[in-house]
Amino acid sequence: LTFPLLSVTFLVSFGSSMLYGYNLAVVNSPAVHIKAFYNATWSQRYGHGLASGPLTLLYSLTVSIFALGGLVGSLLVGVLVERYGRNGALSRSTLLVLLAGGFMGFSRELGSPEMVIVGRSITGLHSGRCSLGCICLSVVPLYLGEIAPKNLRGFLGLMPSIFICLGVFFAQVLGLPELLGEDRFWPLFLSVVVIPASLQLLLLHCFPESPRYLLIERNDVCGATKALRRFLGTPDVQDVIEEMKEEQRSLSSVEMVSVWQLLRDRSVRWQTLSVVVVNAGMQLSGIDAIWFYTNTIFENAGIPVSQIPYTTVGTGTIEVVAGLIGCFTIEKLGRRPLIITGFCAMGICSAGITVSLLLQTTLPWMHYVSVACVVGIIAGFCMGPAGVPFLMTAELFTQSHRPAAYIVGGSLNWLCNFTVGFIFPFLQMSAGAFCYLVFCGVCLLVALYVYLVVPETKNKTFMEISHIFA
């Protein structure tokens with residue numbers, strides 16, 4: 001593991017993947033302050049404040065617009081990477097974060113809630129392009145996968161998911177009242193994303209482009225050789241160059257399948273359905289509701305307001321630990337056990353939240369059960385459903401079908417992310433404690449589907465997996 005390889009891994013994960021996790025959780029802590037700003041601005045403009053329903057609608061849009069930006073960004077990944085390369089795509093996308101940070105940072109000074117919403121959508125556009133968040137064919141995992149030697153590809157491939165968990169954790173820590181959790185600091189809290197983005201923008205040009213991109217897509221053998229020597233720390237890279245040339249020759253004879261062709265191809269019908277079910281279920285499991293509205297959930301569960309920020313930080317710690325456990329056990333336990341156990345745990349804990357909310361008036365200790373169930377949902381998600389769907393998408397399809405499968409899975413991820421983020425406050429108001437039973441049903445049905453249909457893909461070729469599906 002050379003210093004350039006380790007440095008660029010940390011830099012792109014810190015400046016891109018961590019921002020995805022940060023932006024998932026950053027709207028949770030300052031929710032009350034942002035709503036107050038919206039209400040005060042509306043009153044100044046029109047002479048009256050916003051009613052509860054329109055205010056909730058406006059804030060839900062602020063939370064969920066991040067996912068719509070992500071959907072657009074994920075669909076533009078291919079064009080961006082093909083035109084500018086991996087390194088260049090990351091640098092250009094980082095400029096979006098600086099723009100978004102400016103919008104959100106100056107929104108209160110200019111009295112413009114619209115700037116907060118636009119800033120959130122632009123951060124989503126960046127996350128859709130650069131993070132592991134919802135479409136695995138994104139620049140960070142693509143770049144790291146191409147610069148890593150075979151024996152380190154798995155280790156470096158884990159880094160973006162770890163940094164996503166760290167991004168959520170940092171957002172929860174910075175949201176504490178002692179740091180940026182006060183009313184006067186919320187614009188700064190939202191715009192902190194410019195710091196890691198600026199660091200990435202300043203330093204990324206010091207590292208070479210992906211050797212595979214240079215050779216396979218640009219036919220630049222000399223540039224690829226120089227990049228390999230720097231990343232691998234050895235002058236003898238001829239074997240790797242020959243391997244990439246062989247890959248270039250094999251790809252030249254492969255005809256890529258479009259999304260429409262993938263959906264119509266009966267030979268991969270069950271694989272496609274499995275990608276749809278697992279990727280949609282990952283977002284409809286309720287994890288986005290937990291990330292976006294943790295404070296509201298704990299407040300409804302009866303946790304004292306003064307203790308909620310510290311309880312939230314505790315859940316973030318569990319999330320990081322669970323993510324590490326899942327990452328380092330997936331090759332030993334396999335894909336199926338982790339994803340089935342994860343979804344089952346999330347379903348049971350979602351039902352547990354409903355029971356605890358119904359009984360908390362008669363049994364005060366049920367408050368602690370609610371917290372334990374939230375922790376269980378986060379831990380269950382991070383140990384299995386958080387990363388396995390991306391791996392399964394890669395392992396269920398050949399190279400010709402893989403890009404289209406990623407587009408299908410990634411688009412569903414972002415659409416379901418938007419749906420949960422937008423409707424959860426209204427679902428909570430209308431269904432009360434029973435709203436979590438919706439997530440319970442989704443989790444258990446996905447776990448049942450995986451148990452009945454999806455085979456274990458660890459150490460299996462596509463032909464073996466195809467035979468099992470047939």
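Just so you know, glycine gets a Cβ as well, placed from its N, Cα and C.
Note that TrEMBL annotation is computational and uncurated.
Listed in TrEMBL for this protein:
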type	residues	note
DOMAIN	9-458	domain 'Major facilitator superfamily (MFS) profile'
TRANSMEM	57-77	transmembrane segment
TRANSMEM	89-106	transmembrane segment
TRANSMEM	126-144	transmembrane segment
TRANSMEM	156-174	transmembrane segment
TRANSMEM	186-207	transmembrane segment
TRANSMEM	338-359	transmembrane segment
TRANSMEM	365-392	transmembrane segment
TRANSMEM	404-427	transmembrane segment
TRANSMEM	433-454	transmembrane segment
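In this chain, the transmembrane segment (186-207) lies apart from the transmembrane segment (365-392): fewer than three C-beta pairs between them fall below 8 angstroms, excluding pairs fewer than 6 positions apart.
The average pLDDT computed for the domain 'Major facilitator superfamily (MFS) profile' (9-458) is 81.
The transmembrane segment (404-427) makes no contact with the transmembrane segment (338-359), as judged by fewer than three Cβ pairs under 8 Å among residues 6 or more apart in sequence.
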